Amino acid sequence: DVPKATKPRGDSDGPRRSSLCDRHCAAINNVQGDLGDLGCHLHRPRIPPAVSPSSCCQQHSDEVCESCVVKTTLTAENVVEANKLSNNYKFGFKKWKSHVTARPWEDRSEIVKELYSDLNVIRGSGGSTVTCGNILYLLLFGWWLSFLYVLVAAMMFITVVGAPYGQLCWNLAGYFLWPFGKVIQKEEVPKSRRALGACEAGAEPSGVGESSALLGGPVPCRWRLRCWVDAGYWQRAGTVAWLCLGYPALVLAHGLVCVTAWLLVVLIPVAKLSARTATRVLLLPPERVLIRRLRMTEVPLEGEVILCCYRAVNPYYYKYAVDGINVFAVNLLPLVLVTLVLGYVDSHNRLTSSPVKFTLALLSIMPLSYYIGMAIASISAQSNFAVGAVVNATFGSITELTFYITALIKGSREGNRCYAEIVKSALTGTLVGCVLLVPGLCMVIGGIRHQEQRFNSRSAGVGSALLFLSVGGVFAPTLFSKVYGKLVCGECHNVTQNPLGHYLCHNCHFDLMENNGTLYYSHVQPLVYTVSLLLPAAYLIGLFFTLKTHSHIYDIHISDCHMPGHHHSAVVHWSRWRALVILLLSTLCMSACADLATEHISPILTNSTISQYFIGVTVLAMVPELPEIVNGIQFALQNNLSLSIEIGNCIAVQVCMLQIPILVLFTIFYPTNFTLVFSDLHVYASMFSVVLMNYIFMDGKCDYFQGTVLVMVYFILLAVYFFAPSPSGC
């Protein structure tokens, strides 16, 4: 698309002060990249050549800076995509990278077009076919598939009647040993043979069965044997022998190759090759299948080209989608079914152990998180603002809340405090990971492609302010208990053998239940309930501020593409009802997987030498967030770091302002061991992470070095959690 020059705002926006002018002048140098595969383009604002940023701001220090106050323009193919893009920049809405509508074919790059093309296109000379990917095919599939064709060919030759199919299998054995640079054609039957073939069926051949004064009637059919060979294909004995002996074995082999290659993703061309062979080539009459080398073939070829493969490996297949669903999410969907079957059928662990079931349940959460995210994005893009806000608020944190609630219920039934500590560790791990790891990875990976990346410091400042408020509110009961609680230790030893000397104590904690819990029930618990009411209220105020009264801080304008060849009719991947059904089913499966994960986590907590803090902070916290991390990295690669930062900030704010108050509300109706009092390690790690993040985001620009700092600090904190002792009572 040709970038559109954005127009300055009119005078109706009111006077602007020099500080706002300076910010917009600085934003002009922000090189915002093309959103590329997203199908929408983020255009850089343009300034008249006669006005430079410095002179502009000097001339309008106290007046309106009309040349600098501009909006970033996003263009989309249709209204639904425009709504999705607009929702990406709304605070509290899920940020989604993939398309929710089908992109016009002509708008796609040649690389993406090749992913969806059939293997029947003959290209020009593409260089040597001896590549690492093709050799990998030979080692994985080619040699044994060719050997199987040789065995089937021998078997068909033994049957005598299946000799033509034996010859076909012999030819295909050489083809599948190295199919690259070769072509399989369907030979066209000459018209004379088609006419004779129609005789046996009683049909009148065109131009032959017409009556005439000389002939006095239709021309009789001769050469009945030749007619029977072509017309009675499915009645021949050789075909019956082929369908009973040779074809089933080859179909099973090609099915195995197809499934294996599809799961490996980069070998999807091999999967297409096998699928097309099983469904087309092996069902053709053997005399109509021709196998030729491309160097011996003249273009154009006579007859239909069925297979023509050049490369076995294509690294760009990570972009491949089926009905709008990424290929990795499609491949992981059977894992969910396997997890549910093993988890609920093999309840006594006869087939698999508890650690295996826990791992499967945790991995199944990833594709379900993807489906929930895409369903939310699809519904929001096709609905009005109110419906989108309700759906995002209701299901935006459903993945994490499902696991937390099931863990608390199991801990309450067993009377085990470890589950409550695991939930606190997971909450802290999500907060720290979204503040340090998510933006840090995006800065590093995006900084490799772009030397310096800029983002909207005002929108990031709003998220940072809410994050400061939320962290202060969440840890207020903890700080209160440290001040007024009584320190109780499990065992103490006198190091110096002197009654007045130093003592070494273990398993120390602040006792809040002294004097029948007067401190907790009279002071700490009311403070927890107060904070749990104030934090959601602050979240709603933040939504009203960013979406209503001060929405201009994002400086985003969405417009449709008006380029020739663009189609404005939206063909959505998932309709609203389909997305709603998928959302509900994914939520139910998510609840089942979370129940299995909490059911089988006990052996890991009791038998593992790793600290329970580390398990909660890493595995339980970050695995459900992997789809969000991938989205953030994709935005950063397209030089749209603002959305990458918003993803981390939004999740962190929702953890503090929505998820924790919901857990507190849940404990009111279903008493559990969960109290809003965290360990010192959680408090220090969270506060230090938030302070560091605000320092990094202060100037509105970053590079890979600053991202490396965030990632390194995150791994240092992980090392601290790894070597930390387990919580008391676990």
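Residue positions begin at 1 at the first shown residue.
Yeah, the Cβs are placed from backbone N, Cα and C, and that goes for glycine too.
Please treat TrEMBL annotations as automatic predictions, because they have not gone through curation.
Here's what TrEMBL has on this protein:
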- 132-182: domain 'Inner membrane component' (DOMAIN)
- 135-158: transmembrane segment (TRANSMEM)
- 240-270: transmembrane segment (TRANSMEM)
- 325-344: transmembrane segment (TRANSMEM)
- 356-373: transmembrane segment (TRANSMEM)
- 356-476: domain 'Sodium/calcium exchanger membrane region' (DOMAIN)
- 385-406: transmembrane segment (TRANSMEM)
- 426-448: transmembrane segment (TRANSMEM)
- 527-547: transmembrane segment (TRANSMEM)
- 579-598: transmembrane segment (TRANSMEM)
- 579-721: domain 'Sodium/calcium exchanger membrane region' (DOMAIN)
- 610-630: transmembrane segment (TRANSMEM)
- 651-670: transmembrane segment (TRANSMEM)
- 676-697: transmembrane segment (TRANSMEM)
- 704-724: transmembrane segment (TRANSMEM)
Residues of the domain 'Sodium/calcium exchanger membrane region' (356-476) by DSSP state, where helix covers H, G and I
105 helix, 2 strand, 14 coil
Near the transmembrane segment (240-270), which residues from the same chain, at least 6 beyond its ends, have a CB less than 8 A from one of its CBs?
115, 119, 133, 136-137, 140-141, 145, 148-149, 152, 155-156, 159, 161-162, 165, 169, 277-278, 282, 309, 311-315, 317-318, 320, 327-328, 331
For the transmembrane segment (676-697) against the transmembrane segment (426-448), do we get 3 or more Cβ-Cβ pairs below 8 Å once near-sequence pairs (under 6 apart) are dropped?
yes
Thinking of Cβ pairs under 8 Å, which stretch from 325-344, 610-630, 651-670, 704-724 has the most of them with the transmembrane segment (527-547)?
651-670
Tally Cβ pairs under 8 Å between the transmembrane segment (610-630) and each listed stretch (325-344, 579-598, 651-670, 704-724), then give the stretch with the top tally.
704-724
Using DSSP, what is the helix/strand/coil residue split across the domain 'Sodium/calcium exchanger membrane region' (579-721)?
117 helix, 2 strand, 24 coil
Take the transmembrane segment (651-670) and find every residue of the same chain, 6 or more past its ends, with a Cβ under 8 Å from one of its Cβ atoms.
92, 393, 396-397, 400-401, 404-405, 408-409, 412, 423, 427, 430-431, 434-435, 438, 463, 466-467, 470-471, 473-474, 528-529, 531-533, 535-536, 538-539, 542, 625, 628, 676
Residues sitting near the transmembrane segment (325-344): Cβ under 8 Å, six or more positions beyond its termini, same chain?
98, 262-263, 265, 268, 317-318, 351-352, 357, 360-361, 363-364, 366-368, 370-371, 374, 573, 589, 592-593, 596, 599-600
What is the three-state DSSP composition of the domain 'Inner membrane component' (132-182), stated as helix, strand and coil residue counts?
42 helix, 2 strand, 7 coil
